Every structure is written in structure tokens, then in C-alpha cells.
Amino acid sequence: MKTNQHKPFGLNILILLMAMSLNISMLYIASHAAWWWALLAAAVFSLSNNTVFSLLHECVHGSFAPSASVNRWFGRLTAAWYPTGFALQKAFHIEHHQHNRTESEQFDILHPKDVRWLKYAQWYAIFTGVYWAVNALGAIVYSLTPVAVRVWLVKTFGKQGSLQSGAANYIGTIDRLSPFSSRLEVGATWLFQAILFVSLDLNVQGWLLCYAAFGLQWSSLQYTDHAFSPLHREDGAWNLIVPKWVRLFFLNYHYHQAHHQHPEISWLYLPRYAQYGVRFWTVWRQCITGPKPIDKLPEIPIEKL
């Protein structure tokens with residue numbers, strides 16, 4: 001569906017400035033205050049940096065601003081908070097939309113031909129935050145290594161491992177990026193992080209605490225909003241029911257089925273397209289028990305929103 005709804009550029013900038021200010025404050029507190037304040041700061045950072053990520057998601061879909069070039073530059077800024085490169089994130093995310101709930105993105109389903117240890121390792125990496133760390137570190141590896149290394153990785157996974165993990169698709173798509181500008185973005189991202197570290201006099205423990213909290217919260221949401229949903233490219237996601245204040249921190253990211261059905265729609269208007277949903281904790285409790293055979297997938301109760 002195409003719409004003429006405007007892109008709330010001014011509102012997006014205001015929210016971004018507020019979220020970045022919170023990020024800076026929480027990173028500083030986590031590095032300089034007593035441990036109990038540091039824990040609280042990390043919890044707040046896990047929310048505020050998800051707001052920034054949600055705006056990165058808007059940039060990826062061209063919904064942050066009316067101009068493509070403005071979207072790109074704000075995408076680079078928001079990606080630096082993840083931290084990753086904007087071109088990398090955009091390539092990965094568009095690939096996800098194209099292959100959603102196909103065989104290469106059925107991480108919740110155990111197929112007879114699956115490499116079992118890899119299926120479980122990938123699954124629990126998602127729900128422990130390791131997935132975020134792999135993405136952030138993977139951007140560095142990409143920026144420093146030639147194509148031959150990625151070819152070797154695909155061969156190491158093997159044909160089935162590369163298929164079930166999505167590695168073949170995702171590694172293939174990054175090799176179609178501009179090798180110079182995409183690497184430059186990753187370098188600029190880590191320069192941005194270094195400037196933050198020095199200017200705020202951060203310490204490693206405070207930085208890691210904040211990003212571990214963010215990574216755990218971000219990573220687990222990334223598949224709770226898909227797990228055990230219909231095997232359909234557009235309908236294969238959930239509109240997750242969470243407290244309204246949580247959903248607002250994530251800029252309606254929990255309305256993920258509505259997003260997959262209407263990826264061109266700004267976060268501001270997603271509630272208009274989300275008619276039915278499921279409770280976050282209902283899906284999450286099923287997720288932590290692990291992937292399941294296709295004939296034993298749980299039935300998730302659907303409610304009217």
C-alpha cells in the first residue's frame with residue numbers, strides 16, 4: 001500500500017536529539033557513578049539507544065526525512081550509536097525483508113536436514129545479546145578483510161549451514177556494496193565512538209555495561225517479533241503487545257507485522273495498521289525453550305488491539 005502520509009522529519013530530529021542526550025548522560029553516569037547508579041544508567045541506555053536504533057530503521061526505509069541524502073546522513077549518525085555502518089545495516093535489513101520466513105530465516109523451526117548445533121547456537125545467541133555483538137564486531141571484520149575471507153566463511157558453514165543461518169544471503173549482499181564508502185562508514189562509526197569515549201572520559205566497564213544492556217534488549221526483540229509467526233514474507237511477524245510507554249521508547253517497533261505489511265509507513269502511523277497482536281511475554285516464553293519441529297510449533301493466542 002502506498003500512502004501520501006508525510007514523514008515527520010521535525011519530530012524525528014527532536015526525538016533523536018533527546019535520545020542521544022540520554023545516551024550521552026547514561027554513558028557518563030555508568031562510567032563515573034556508584035555501581036547501583038551505573039546499573040540504572042545501563043537500563044535507561046538500553047531503552048534510549050533502542051530509540052536511536054528505531055530511527056536508524058526509519059532511515060533504512062527512507063522514512064526519516066523526505067530527502068534521500070538527508071536520510072542517508074542521519075542513517076550514518078544513528079548507525080554510529082549501534083555501532084555499525086549505515087550501508088551495511090541497510091543491506092542486511094532489506095535482505096531480511098526479501099527473505100523473511102523463507103527457509104533461510106526460519107531460525108525457530110527445526111528441519112530434519114538442519115545442522116542442529118548451529119541452529120541452537122544461533123538461536124540462543126539471539127536471545128542472549130550475542131547476536132548484537134556479532135553484528136557490531138562483524139562490521140569491523142568486514143571493513144578490514146577482503147572478499148576471500150567471506151568466501152571462506154561460507155565454505156566453513158557448509159551449504160546447509162549457510163542456508164539455515166542466512167549467511168549465504170547476508171554475506172552475498174554485502175559484497176555488492178561499494179567497498180570504499182561502506183568501509184569508510186564503519187571507520188567513521190568507530191571514530192565517533194572513540195570521540196565519545198575520550199570526550200566523556202568513559203571507562204571500558206561503563207561502556208560495556210550500557211552496550212550489553214542495549215544488546216540484550218535489542219537482540220531478543222529482533223526475533224520475538226517473528227518467532228512462530230506465519231511462514232509468509234509480509235504476514236510473518238507479530239504486532240507485539242507491550243506497555244504503551246515501552247512501545248513509545250521503541251517508536252512502535254513492536255508493531256512489526258504492520259511494518260512488514262507496509263514497510264513504507266512511518267513509525268508514527270503504524271498503530272493505524274496494527275489491528276491484531278500477541279503478547280510479548282507469551283512469545284518470549286516459547287522462544288527460550290528453543291526452536292521446534294514444524295509440526296510442534298506453539299499456537300500463539302491472537303488478540304484484537
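In case you wondered, yes, glycine gets a Cβ from its N, Cα and C as well.
A Cβ distance under 8 Å defines the sequence-distant neighbours of the transmembrane segment (9-29), meaning residues of its chain 6+ beyond its ends; these are 37-38, 40-42, 44-45, 48-49, 51-52, 55, 58, 64-66, 70, 74, 77-78, 81, 196, 200, 202, 206-207, 210, 251, 268. If you look up TrEMBL, you'll see 9-29 (among others) marked as transmembrane segment.
Summarising the annotation, TrEMBL assigns transmembrane segment to 35-56 (among others).
Per TrEMBL, domain 'Fatty acid desaturase' is recorded for 35-276.
Sequence annotations record features per position, and here TrEMBL assigns transmembrane segment to 123-144 (among others).
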Reported mean pLDDT - the domain 'Fatty acid desaturase' (35-276): 94
